[in-house]
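Enquirer: Attaching a single structure in structure tokens format; questions to follow.
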Amino acid sequence: MTQYTLKQASVLLQSKQISAVELASAYLAAIAEKNPALNGYITIDQDKTLAEARAADERIAQGNASALTGIPVAYKDIFCQTGWRSACASKMLDNFISSYTATVVQNLLDEGMVTLGRTNMDEFAMGSTNENSFYGATKNPWNPEHVPGGSSGGSAAVVAARLAPAALGSDTGGSIRQPASHCGITGIKPTYGTVSRFGMVAYASSFDQAGPMAQTAEDCAILLNAMAGFDPKDSTSLEREKEDYTRDLNQPLKGLKIGLPKEYFGEGNSADVLTALQNTIDLLKAQGAELIEVSLPQTKLSIPAYYVLASAEASTNLSRYDGVRYGHRAAQFGDLEEMYGKTRAEGFGSEVKRRIMIGTYVLSHGYYDAYYLKAQKLRRLVADDFQTVFARCDLILAPTAPTAAPKIGADSSPVETYLSDIYTIAVNLAGLPALTLPAGFSGGGLPVGVQLIGNYFAEARILGAAHQIQLNSDWHGKRPE
């Protein structure tokens, strides 16, 4: 029962061939068996899950269910939900029980979705391996010696391991797309402002965006329909008419113009990634799409620009964690200033501290113009590059990551780890939508994904193209043993 896609489970629930309680119970049993080794979930509450499932069954019986009623979903630990611990995988918030619910979570609860639990992540979403968690690393379900990617590694791992039909992630510099690639699932980062950020703990406010993660593009489209929408509680939420993100699922690929950025197809990619890209290019050509070479010249500069800006925003956002009102507080201190220092030294992990220090430095007097202001100018140039390309094509095809998932504990420097985000970061700098879908496997049997990038508000077109690729391939149907 846990092998169904979201769409398949929805059909069975609506036709009463299975009940929401049966479906939730099957997932809870699978989680109890497999999660201790995987470490994808860090909070489970069976009583709450089954209570939501019973309510969903009542709604289905009364005939007022939606396509998502009774479908279980996992939430990255960054989303607040009343009565659930929302720790952001940090010691700082290990004892924080949320008193309110994020708008995007509430939207899914209103549809009758059933909460399975909270998934592991890099602390405060800072990282791309899921090793920076207070609760320990999540394993890649395809090979437990490898990372699942990050920061939404727990969400990607539980969907790939069939411990959830769908999950929510957040994407600041690739945190939905990169773990989706490493775990062999589909995930989309929508246009900035499409999904409310209210109740999603902030890392870098001008980059963060929530998105769905599932087995297929069709499942992601169904989820995004429920997730997206204007929210007056979020000042960056976009006031637009409600969209149907499933509307282009049946649009053929014939005639679609796909750009191939030459900067993304260079020597930095492993042979496995280039093979996955070629698989996708061959499929697109066979379906009648037109492929053209394009250029995104600021690609290499996107990494320093991103890490300056995101760290600056993080240092500001994380200043609220000081031990005064909630979260961890140092046990022994002499005065208020010492309490602040000890609390933050004890509560934050090393990567979070590193980014706070970088951010504080680039915002400090004498360095603001040299770093922060220059990075903002670069951000605009990156966005302009994309607009030049989208004048010539409908979508961009690119790698998601330069390699398949690295090993847990790989001896990489912070800079080497940051460089692995080279193909995802520019999308966040520009605020564009982008989706990752499975496109092959490495020689070692690890999944490899590719990325479809669209212009602002082109989610339906991206999802439609991804769905057509998945109708003509079976990479998304593969699952770990």
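Numbers here mean position along the shown chain, with the first residue as 1.
Quick reminder: no glycine exception, Cβ is built from N, Cα and C everywhere.
Sharing the features that Swiss-Prot gives for it:
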ACT_SITE  Lys76  active site, charge relay system
ACT_SITE  Ser151  active site, charge relay system
ACT_SITE  Ser175  active site, acyl-ester intermediate
Enquirer: Mind giving me a neighbour count for Lys76 (active site, charge relay system)? Other Cβ atoms within 10 Å of its Cβ, every protein chain shown.
Expert: 29
Enquirer: If you draw a 10 Å sphere on the Cβ of Ser175 (active site, acyl-ester intermediate), how many other Cβ atoms land inside?
Expert: 37
Enquirer: Taking the Cβ of Ser151 (active site, charge relay system) as the centre, how many other Cβ atoms fall within a 10 Å radius?
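Expert: Cβ-Cβ neighbours of Ser151 (active site, charge relay system) within 10 Å number 35.
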Enquirer: Going by DSSP, give the three-state secondary structure for Ser151 (active site, charge relay system).
Expert: coil
